[in-house]
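Feature list (source: TrEMBL):
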- 162-562: domain 'Copper amine oxidase catalytic' (DOMAIN)
- Asp235: active site, proton acceptor (ACT_SITE)
- Tyr319: active site, schiff-base intermediate with substrate (ACT_SITE)
- Tyr319: 2',4',5'-topaquinone (MOD_RES)
Amino acid sequence: MESWVDVVSGKEVKTRQVDKMHQSALTIHEFQAFTEACLASPLYKKAVAEFNLPEGFVVTIDPWPYGGDAEIVPRYTQGLCFAKDARSGNEDSNHYPYPLPIIPVLDTFSKEIVRIDRLATGGREDGLAYGTHKKNVLDHCSPGEYVPELLSQLLRTDVKPLNVIQPEGPSFQVDGNLIEWQKWRFRVGFNPREGATLHDVRYDGRSVLYRLSLSEMTVPYGDPRPPFHRKQAFDFGDAGAGRAANNLALGCDCLGVIKYFDAVLQEPDGTASVSKNVVCLHEQDNGIGWKHTNFRTQRAVVTRLRELVVQFIITLANYEYIFAYKLDQAGGISIETRATGIVSVVNIDPGKTSPWGNVVSSGALAQNHQHLFCIRIDPAIDGQNNTVVTEESLPMPISKKFNPYGSGYEVKQTVIKNSQFFDASPQTNLTVKMTNPSKMNPVSGRSVSYKFIPTPSQLILADPESIMTKRAQFAQHHVWVTKYKDGEFWAGGEFTNQSKKEVDGVADAVARNENVENDDVVVWNTFGLTHNPRVEDWPVMPVEIHQIHLRPADFFTANPAIDVPGFKNNASVLADEALKSCCESGDVQQAPASHLQGTGPDFDPKSKL
């Protein structure tokens, strides 16, 4: 049963009966109950007693979503089990290097462990076989610490401070959740499922986006040995990105002059709680914005590319994700995802390797997996009625009439008339344009638009008939175009926890085959990372960065950043007195060969030569 409550009056205003096949998102209370149930379970204690753990080790559990199953089962939660070396007395000692080959399964309603799933620990030669491990299952495992006080090597001593200093303060203004910066004006929201969202995004008074959000992500694991066929997380739908958001720390997660935003989240019992500092707002320098050197006079004019960053970070057991919306002075918006944290590992027998992952530490197999994100873009390009157009650059055959030397290529545009999906095409530089056909650019004569080039990242690898793929149909294509519908926010459907298929997700929205030409449209972009782990990902992986760039295309009459002043950064100093500075607007540079290409000096065509 779903219930809608008017928070002002405190009265229930609507209810809806939910199909029994659906499960609501997991809560922190269920995770806490999982550990308590394991400690009280004779079944679990017996399973742990089968192993000879090293002296001074204790068992710890990471609760996980149960995943999809062919059968309709009760509300279940499963747990990944590890041992932790408690001899140091440091609570932050890393337990992930010591995986145990068991998964307890909890019936949430009875609060009992109903079974223990056994895990295969074999290698390439063992196939799907079980029971190849010995009782001393951790004797070949090695520590993998990451907190500074437990590292086996010394920290680097040659890293000098690098500070972001804004002596006059930031260039943004904040009024509640309304943000204004460099001709941009928008509101930032936050909810338990999506985390930070952007609303009513405008540039210089003109509407660009109605709403921008991260809709869903799924992490399917590619180890076919049961029960790993159920190892698939929907981090937004199963648990909620907003609920997993970090409380950000000044000087660590965001640098410079920072504005933090708190969020009010509801608890499972309906009460509200304040989560502090879950979103940070700050400016950052991203290198040169634009530059030109007049090779005749050697005068260089250069400006920096400054970005306004709206960022939040989530932690989901072993993994961290850093999400950022970045707005720039040239009218661009980038959506960035960074994956870091600790790769998920299972036990592997000593001396063995596996086709289903990589041994990143002795006894620890990091399983192959994917991170597939879906961004929901609700455009409002100079108004609500927009049209999506794909643009492809195609070679032209040699033709005496149209292409006599074979140097030409054509640009093909296709209007998306009905809801549909399509995929990235780097061979044709497929570009998605969100246009307003009723507003023409006075210079080009074309419809005003914003564009992005879908990243040709790999889509879901699980078989199309597998439950993994059926419950994540949004991960089968890069771009989906649908007609706006109230309440339709979730690419994988509203209910992903223990789902067997995607219901009321983006695939169902496309299946309605509705008109999307000159209408209120929504564009969904799926992209991601196929992560076949490497040893360098251990014990904590360096960030893997992916970005989608929304850029104006004939939206303005010129470069909107042409008026950005080229300040000389007086805080910059020479590392070596032999180096020369040339970054000031209007400075004359020495003339390298690249500056000497041209037609020669100017001349007056009316003069006599």
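Here the Cβ of each residue, glycine as well, is placed from N, Cα and C on the backbone.
When Cβ atoms from all protein chains are considered, those within 10 Å of the residue listed as 'active site, proton acceptor' total 23, not counting its own.
In the three-state DSSP assignment, the secondary structure recorded for Asp235 (active site, proton acceptor) is helix. Within the same chain, residues at least six positions away from the residue listed as 'active site, schiff-base intermediate with substrate' with a Cβ under 8 Å of its Cβ are Val219, Ala339, Thr340, Gly341, Ile342, Ser344. Mean model confidence for the domain 'Copper amine oxidase catalytic' (162-562) is a pLDDT of 97.
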